[in-house]
């Protein structure tokens, strides 16, 4: 089924980003950087990631295999690249921004069961590719609130050219170009140029073969982004341009840089955005406005302070499992002209008081992020107790808040052995319990996409740290959880001194906890995932608050040392 011109959503252009040779080349960062540049030129840009796995979404995938699950405002569980897109473009994306093979096949099979194909033999071409094209063009329509259609849709195709799994997506992109016309589509291919230590030279052949594979399925790339650990020589760039039939001006080198936020300026300096604008006829594009991004880069490269934050987690062997958390912490540092030195701490190392002291004695603050399952929980409790008793600024996220409640219940509220029904169904004091609406879902075994997901409001108590940081009495944050603070124990825990400073507007769900400032300088937990709405040039208030408190502790420690020496 061809895309009809009347249904094109105006003059929306498509940029497709593919990858070759190896995975994890940085296609997502390349796509996000292009989006950043085009947005800085005044264009309306939306982003999309096509994932070739058969999972419907990454919500039930192992963090060690997939990395973090990025949740959007509308409750979609998506790929971590969606987080890059939101941070680089400073936009909020939705469910349509992430498409998986599992979603495509589920939709097609459901249509077949309903008889919508009128007895046709359902095949990859045209039925699967038609559904992919429909999803590709979904964001080309005007917004529900009257927002105009975007000028550009940038679509990253996951996987590596040549993989069986990604072939339907690449074929669909080829068909979109055929149906919309070559002046409305642009293909960027990201490829590796490896350096061979034995011969002391860079090799262009892998890129040539990767482009040949792409051309064999009907796509001639319009631009090449060459990934390398050192600059690609001009002769090699000219050779690649010749052998791959790409304009020399469209062959750019994305060399490893100190910060991911340097990538947009690196691509701009080589003229990639200008070339794309010219080829797509985006005459409405203005010059790049670097004002906001330049201030960010100054904070990145010229920090006035350095602060050490311990990230106490159970998935630290794969940092991508906490990608948005680490980016939010760094952004909190940018807001204070500070470099955040992350100390990765396996929560198991903090189970004992001595272990927690050994791991946390040299940090200025800690962050305890979300997670699932019982492994590592006692270590998180140990880390939080050490931070609470020693005045170390601490921020708990989702499970981190729940651990704050459990630790306080055990050690301050007289509820020895308190736990969560997630970890210990038989605990005498289930201070964290399954949400009422989740009980039947868990019993039914339907775990995919069934948590409390997406944007929910919270009412903040006047005079609280969280209300001060947000500068508002009510805020909305993204959530991803099945468990909540058990209302039956709230009064007893609050009487012991832990302040439930944020709740759902109806007062039913606990959204924030904290210790008063006269008890602890910064001990704050949130049931939400505020890291998902943080931006590099606009740090989230809770993360900025943590870094500010950590800097205050650091300065106080230095003053104490000076006084002691005197």
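From the backbone N, Cα and C atoms, a Cβ is placed for every residue, glycine too.
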Co-listed ATP-binding residue [Swiss-Prot; alongside 24, 25, 26, 27, 28, 29] among 73, 74, 79, 81: 81
Record-annotated UTP site (Swiss-Prot): member among 111, 133, 239, 304 besides 23, 203, 204, 205, 206, 207, 208: 239
Co-listed L-glutamine-binding residue [Swiss-Prot; alongside 371, 399, 400, 401, 402, 482] among 327, 349, 422: 422
Chain-mates of 24, 25, 26, 27, 28, 29, 81 with C-beta within 8 Å of site centroid, ATP: 19, 30, 31, 156, 190
List of residues, in chain order, with Cβ under 8 A from that of residue 81 (ATP binding site) and at least 6 apart: 27, 28, 31, 32, 49, 70, 156
Near-site residues: L-glutamine, ref 371, 399, 400, 401, 402, 422, 482, CB cutoff 8 A to centroid: 370, 372, 398, 403, 420, 432, 481, 483
Number of other Cβ atoms within 10 Å of the Cβ of residue 24 (ATP binding site) across all protein chains: 10
Fewest Cβ neighbours within 10 Å, where candidates are the binding-site residues 27, 205, 239: 205
Secondary structure of residue 156 (Mg(2+) binding site) (DSSP, helix/strand/coil): strand
Neighbouring recorded positions, C-alpha within 10 angstroms of residue 204 (UTP binding site) - of 23, 26, 239, 398, 422: 239
Nearest recorded site to residue 529 (active site) by CA-CA distance, among binding-site residues 203, 206, 401, 402: 401
